[in-house]
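Database features, via TrEMBL:
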{"type": "TRANSMEM", "residues": "20-39", "note": "transmembrane segment"}
{"type": "TRANSMEM", "residues": "59-83", "note": "transmembrane segment"}
{"type": "TRANSMEM", "residues": "104-125", "note": "transmembrane segment"}
{"type": "TRANSMEM", "residues": "154-177", "note": "transmembrane segment"}
{"type": "TRANSMEM", "residues": "189-208", "note": "transmembrane segment"}
{"type": "DOMAIN", "residues": "308-423", "note": "domain 'FAD-binding FR-type'"}
Amino acid sequence: MALSWRSWLANEGSKHLFLFFWLSLNVWLFGKTFLLYNQGLQYYYLHQMLGLGLCISRASASVLNLNCCLVLLPMCRVLLAFLRGSQKVASKKTRRLLDKSKTFHVTCGVTICIFSVLHVAAHLVNALNFSENYNEEFVTLNAANYRGEDPRKLLFTTIPGLTGVIMVLVLFLMCTASTYAIRVSNYDIFWYTHNLFFVFYMLLMLHVSGGVLKYQTNLEEHPPGCFNPNKTLRQNLTVPKAFGELFPDYTTEPFPEDPPVPEPFVQNSFTRVCSEEPKFQSHFPETWFWISGPLCLYCVERLYRYIRSNKPVTITSVISHPSNVLEVRMVKDDFEARPGQYVILHCPRVSALESHPFTLTMCPTDTKATFGVHLKVVGDWTERFRDLLLLHSNQDTEILPIFQQRRYPKLYVDGPFGSPFEESLNYEVSLCVAGGIGVTPFASVLNTLLDGWKCYKLRRLYFIWVCRDIESFRWFADLLCMLHNKLWQENRPDYINIQLYLSQTDGIQKIIGEKYQALNSRLLIGRPRWKLLFDDIAKCNRRKTIGVFCCGPNKISKILHKLSNSSNSYGTRFEYNKESFS
């Protein structure tokens, strides 16, 4: 299978190039800061005490500042949704980069973990050097109180040390709870530990305010390695013998000579004369400049989201579908959404702090204000939510008048937020592949096309839906049939190509009901032959760009991703977009 470089660049190449650029930026920043502290004259005396520990700790700190600054931006969901939906980002390729926000967030998080280990190791060496290399000549330069002080006191009795230890513990909890195994087995652990980020940032702002590391401010008056006549005069003074006998503690010993100046610090071969003693000053906490902007932006967005979602929605109906799927329809004042977007549901009676994202399967339009979600009951949160909604009903379907809505628990909706599936209507040809409950993003697209398709760029839609049991197709069977009949009435039967695959079965099965005959003829047994499918689509759409959208298991996603990057003899290019379950 030949690789199309153009398709690779459109699908995966941009991400790889960006990650390479990000890695190069971090390495460049680390190296530049390392050289600054290794060769900078203002750090000469501090470098004599700490050695490479100073350079490594400060270089890793600069990388941490950058990543702690940017790791919050991908979590500004309102900002990303605004950029995606506005005309500020007109390029489709640029908008597709917004879909990599989660990848960028994870990349920054991994970078923070790696350089935190390096930063901690360097500061452990620094604590030891502060104790052993206590500078009796320039006392203000020391972090220790005396030579040989226990380094553990520097770690547990100072603000920088204590906050650093707590931040390491918080970061360890966040990182371990972010692994795939924990997120899948117990999402609550991931949710609660990840919200410790606010504690981490508060400790970070305290951590950098200690002012442990100091630099020299009077380089003109006291260049490193200069000749100090006052010091030389004191060394050459002879103390009378009688004075030495009366004050034995003040008997003179030869002063150690000035340590040799390393080559990077040598300005020229002429030794300058010092006009005053060196003066040292702590750095202003640069971390505040790095994180204050993104942190304030994130806090403002969270406040805006809280205000926007503080009014509960009105639940109009709750429908229990086969295979443990629940549909919730609701109404909210001034709620607007685009097909493909998702919302975050919060039910205080289920959990006071926990909330979960769900893709909209029905968006409000000019003629109806109702919107809805389908959720599969697979965990503790969804089980408790289902029990509360269907507490007083033994029927599969419950539709209540408005004056009886108090039977439902209070439900708050935050959103909507953007997703890759918003682009499905912006291609001339789109291929939408769903696996099981992964059909939910495409349901809102199909509902939108049912209301009217002529106003969109999309002119042909390939819809592939793979399920394990026949009952799952009934979630949206009515919607598919209505859209199919509407397009036949408008003489556009070729607008949508529906293929339903039943992956596990004991024999020929059909979707029960006479009204589903149009779907029964499109029901196939087994799994799709993806290579043949892509070749057929490429042949029917020569020299066109086709948007590929997938929401389903990773196995299907990887196959579609690989096929989208492969070349074909028809000049057709596939651009891959993905939404994963976790």
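Glycine residues also receive a Cβ, built from the backbone N, Cα and C atoms like all the rest.
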Over the domain 'FAD-binding FR-type' (308-423), work out the mean pLDDT and round it to an integer.
82
For the transmembrane segment (20-39) and the transmembrane segment (104-125), check the count of CB pairs under 8 Å (sequence separation 6 or more) and say whether it reaches 3 or more.
yes
Could you give the residue numbers and ranges of same-chain residues that sit at least 6 residues beyond the transmembrane segment (104-125) on either side and whose C-beta is under 8 angstroms from one of its C-beta atoms?
18-19, 22, 26, 30, 50-51, 53-54, 56-57, 60-61, 63-64, 67-68, 70-71, 74-75, 151, 155, 164, 168, 171, 174-175, 178
Under DSSP, the domain 'FAD-binding FR-type' (308-423) has how many residues in helix, strand and coil?
21 helix, 42 strand, 53 coil
Which bits of the chain, at least 6 residues beyond where the transmembrane segment (189-208) starts or stops, bring a Cβ under 8 A of a Cβ in it?
68, 159-160, 163-164, 166-167, 170-171, 173-174, 177-178, 182-183, 285-288, 291, 295, 353-354
